[in-house]
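Working notes for the structure below.
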């Protein structure tokens, strides 16, 4: 009973039992030894000394008992850091009681081990394995308890190096040498297991709290320290409540116990309660290096790396190896200029005896790799005499993080050690990133040879699934997924994410709906992305439902909300996206980028540009992504002055960014400012394929087909790709360059769907319908029909007023593409317009009625934008919304009258419906949106010299003629009369109308 009470540190009760016993019996040394052992465990050196002095009086002849008591007493002093007194007790014991005492050993299968034993034939491997086990424990957060060190450390020793070579740990290591993954180990020890070794073997913090709840005693320092450690490891609601309550009720005289307060600080840090941990730290009068280490480690674990470095710079003590490791980790995570300076300086000044500490050197390698200083990390790795599996893992992981995946695989193949689970994960990740033939071979071989006991490691299997998915090996990834007995949310996330990356959106949504777990924020993001990409009724239903059911605490996750906004924008639900955007309190630049990109997707570039003002008000700096989105908005709007205004606000350093320059080429081209696009292209020393394609596209868009062909000829052959052929053939198509188109098409080795479609469009624009049909027929011999090819022919039939051919093509489309409602709707409009162009309004009405009945009424309205004095204005056909609409319509009528006076005849074939009462051909055509935009400029200026218009649909043939007006030598039409340059961009390209009455398209509408 005395032993029981002493183990629970109830010493008063234990002493009372002894006193009662001694009233009728002689004293028992065993009882006193029980109390002495309890005093050792609770680090109570004064009580320990008192008991031992009493034992010397009571049992002067029991030398062996006194010797054992002396050892416990000296160990108690050592546990509180008083090594001098411990040495004095030891010397006194040797002088009076002799040197011989029991050494610890472990017997196991006839194997015996003593502390730091080197007698076994495999001692080198056993000590190496003990070191490996120790490194793994440290990696998983284990802290060695220095209170179990019973003497001062030698210069080349560390707390870890002493405690890991206790006899029981060497016995455990022996089993791991004999078997890769032993399932059962039994050890017999002649002495008691030290507290450190006990904690390594039995991590049961919940049971510690259970036992405490059953105790009806006031805990002493040691019990409190144990409880604080248990609460720190758990860090759940119960642990937080218990730990804080214990700390609040802790007696004042315990506030001088550094060991206890350090464990309390560590606990609070684990709770994320930084403020109270800091307050407790500041309150401590005598801080040691372990206390500093506890709070610095807490800062690192709470991702407060700058605070860890601030405190490091205030430390008044020499650093321990663990201090170096903590600071290296903080510097690695920050990896900014300050961290690099501190980390490199600390590494350079590190004492030589630490150069044998693998844990420390491994953390230094990790730090250097995160700095991007691969060379120094490699040199340190090469310098290390004894490399273990964790060291190899650190440098291989560094290679992967620095996108040097081939080097990671090189080192893996040279590694003389068997890979552990961490190495498997790193190699799988490297193979996934490369996904080339070598990576596929290594990855599949490693997976095939993977030990069976790794098949229960979810993290490892998740990385294997990710690798297989990146290889495009969906079947084997699915098999591995099905084989897993325990799947966590990350497993489901890996599968769903890779389905999305492999464009298998339905499979992604299927698995999501089968998932038995509550989705975390990552799952929300992946599923929102899948719904955004699939863009069908099912995807929209799932996406909206998931967003509606999203827990409130996710409403602070900007990454998640960004993906939700992107999804809504891709649904075309701008209003809901705006509503969600307004609810977000802390917006970042990425969130603004998603919103702006959404406006671009929904053809609302003005709203995109308006957000730029908000960004500036918040003080956000434009990055590459948002700058590209802004440039794309300008490109969509196509107004030269607005383009210049916006790009002047983009940081100058981004102008050297190749992606930005390519976007600028595209933007200036879409704005019709070809000269600026050329300047940017010519400023690039070695244009890449994107730059060449962008410039060829710009020439084609601006009806400069000859220039497009010329640049194509100058482009290095190895750079040409599918996009190149599409761009140059488009240029030929819009400029009527049939011979050049034939030549380029015939020399193309990439005659895929897109290239053939572009050639069909070129032939159809020149009314070469038989040739176009032959291309389609040849294509369909080995491929499914393409609606885009038929739409190209249908557009050509409309331009050439061939209503019978138009009807024939459309009937064929109805058979081939019954489910493509939007395509059939557009085709129906073209067929109806073709019939109208030949005066058959009744058939046009019939076609329209059928379209409304079968396909719906919603048709995209024609809209034109123009800019004057920095203001963007929008016009629709016969628009009356503008405050000056009366003057604008009057000016349109005036311009029309002038044109008629100069001999212009309106083309009635562009009337798509029967005229109503009071209407004339002229009154209908002169109020098209682009004509009202031109009239607006003439209202604002008597004689405008430059007019720019952007139209969402293609410009009609009449308006094209109206704009450049080159008919039968008439010289006094708009461009000629007012000597005005007009740029009109429609859905197909850009028309540059010059004052000499010519158009850049050379009459190829």
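Even glycines carry a Cβ here, placed using N, Cα and C.
What you see is a predicted model, and the numbers here were worked out from it, not measured in a lab.
Here TrEMBL flags 141-203 (among others) as domain 'DYW'.
Among the features that TrEMBL reports, repeat 'PPR' is placed at 288-318 (among others). Long-range Cβ contacts of the repeat 'PPR' (288-318) within its own chain (Cβ-Cβ under 8 Å, at least 6 residues beyond either end) map to 81, 146, 258, 261-263, 265-266, 268-270, 272, 274, 277-278, 281, 326-327, 329-331, 333-334, 338-339, 342.
Within the model, the repeat 'PPR' (388-418) shows a mean pLDDT value of 93, rounded to a whole number. Feature annotation from TrEMBL assigns repeat 'PPR' to 388-418 (among others).
Residues annotated as repeat 'PPR' in TrEMBL: 488-518 (among others).
Feature annotation from TrEMBL assigns repeat 'PPR' to 588-622 (among others). If you look at the repeat 'PPR' (588-622), the same-chain residues 6 or more away from its ends with a CB under 8 A from one of its CBs are 558-559, 561-563, 565-566, 568-570, 572, 574, 577-578, 581, 629-630, 632-634, 636-637, 642, 646, 649-651, 654, 872, 952.
With DSSP classes pooled into helix, strand and coil, the tally for the repeat 'PPR' (721-755) is 27 helix, 0 strand, 8 coil. The repeat 'PPR' feature in TrEMBL is assigned to 721-755 (among others).
For 903-1004 (among others), the entry in TrEMBL reads domain 'DYW'.
Within its own chain, the repeat 'PPR' (488-518) has Cβ neighbours under 8 Å at 458-459, 461-462, 465-466, 469-470, 472, 474, 477-478, 481, 526-527, 529-531, 533-534, 538-539, 542, counting only residues six or more beyond its boundaries. DSSP labels the residues of the repeat 'PPR' (288-318) in these numbers: 21 helix, 0 strand, 10 coil. Here the repeat 'PPR' (588-622) is broken down by DSSP into helix, strand and coil counts: 27 helix, 0 strand, 8 coil. In the repeat 'PPR' (388-418), the DSSP tally of helix, strand and coil residues is 23 helix, 0 strand, 8 coil.
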